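Trainee: Provided herewith is a single structure, encoded as structure tokens, for subsequent inquiry.
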Amino acid sequence: MFMKSIVEEALARAEREKKERIEGRGFEDVEDEILQVLHELKTVIKVIGVGGGGCNTITRMYEEGIEGAELIALNTDVQHLYYTKANRRILIGKRRTRGLGAGSLPQVGEEAARESEDEIKKLVEGSDMVFVTCGLGGGTGTGAAPVVAEAAQEAGALTIAVVTFPFSAEGAVRRANAEAGLERLREVADTVIVIPNDRLLEVVPNYPMQLAFKVADEILMRAVKGITELITKPALINLDFADVRTVMEKGGVAMIGLGEASGEDKAAESVRKALKSPLLDVDVSGAKAALVNVTGGPDMTIEEAESVIEEIYSKVDPDARIIWGAMIDPELENTMRTLIIVTGVKSPQILGRKGYPVTRKYGIDFVR
């Protein structure tokens, strides 16, 4: 009976606190000093979409809403930029491209970014974490994203690139440009999360390619939102910025797995789906680190969240560093989602059968 009354009191208190948060009460008497310290401790996170693909992803993120992150769109194509939804929109390389785009030439994209380098450096100044997102293979994203990532690194920010790798159907030139762009990003970003578009065809087979691009935007959005809101949003189990930095700093190439399940065995099923996700085209047993976001409805228990992590621990290297957080989403009644980002992986599909392309910083010409 004693334990029952404790549980009932805890549940009642949780309900009161929830109501106070919704009504905006309960903080009037917090001292100014505490508010000031909280403000100073706030992690400054910026998400920068570069080029057409990157700007499309920023629009999707803006529509979804990512708590605690500023969304910024960079492009050489003024018309595309005009229709992009973002907190800030910046036209780069005005003299080089006159707002007409990079013509699918990464060298032009890089030159445009170099022209606007001072503006880019001011953009990332004071940031703790910068996400750089783009579709590799085109002109602006492939050429300019490494310049943005380099500026973020020099500003001292944890720099995470989240990119798509082109469909085989897009042609050999685009894929060769993507490989060169990926190598440059690896040299200037802490971690590069790669979404291989070819694998999306297993997720949405027999659908138009345009839909596959929309799916890619959704996955990129979930990756950034999943990492960011574990830091910025109150959660069942929170992570702080130092936790994320531990796993993502110098993480190398990373891949992402997503799983969702409902019903009695939802915890185990969601993690199984995440680990078997077509996007996670690697042997996770050799991964050196992983970041996991477990999201469930109000009915999710700590035990369910922990069982997800136990399952992941059983699949990876015993010495791998795993950090995880758990969040509640009121819309996920009787459903759980697992997002896993595995760092330090090598994927032949992404980097060629012989391993990493042999390139050096700014020492390779993009294929025209």
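Including glycine, each Cβ sits where the backbone N, Cα and C put it.
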Trainee: Among Asp118, Asp198, Asp217, which residue does Swiss-Prot annotate as binding GTP together with Gly52, Gly53, Gly54, Cys55, Asn56, Gly139, Thr140, Gly141, Glu170, Arg174?
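Mentor: Looking at Asp118, Asp198, Asp217, the one Swiss-Prot places in the GTP site next to Gly52, Gly53, Gly54, Cys55, Asn56, Gly139, Thr140, Gly141, Glu170, Arg174 is Asp217.
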Trainee: Hey, which of the binding-site residues Glu170, Asp217 is the loneliest by Cβ count within 10 Å?
Mentor: Glu170
Trainee: Using a 10 Å cut-off on CB atoms, tell me which of the binding-site residues Gly52, Gly54 is the least crowded.
Mentor: Gly52
Trainee: Between Asn56, Thr140, which of the binding-site residues has its C-beta surrounded by the fewest other C-beta atoms within 10 Å?
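Mentor: It is Asn56 that, of the binding-site residues Asn56, Thr140, has the fewest other Cβ atoms within 10 Å.
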Trainee: Using only the residues recorded as binding GTP (Gly52, Gly53, Gly54, Cys55, Asn56, Gly139, Thr140, Gly141, Glu170, Arg174, Asp217), report the maximum Cα-Cα distance in Å, whole number please.
Mentor: 19
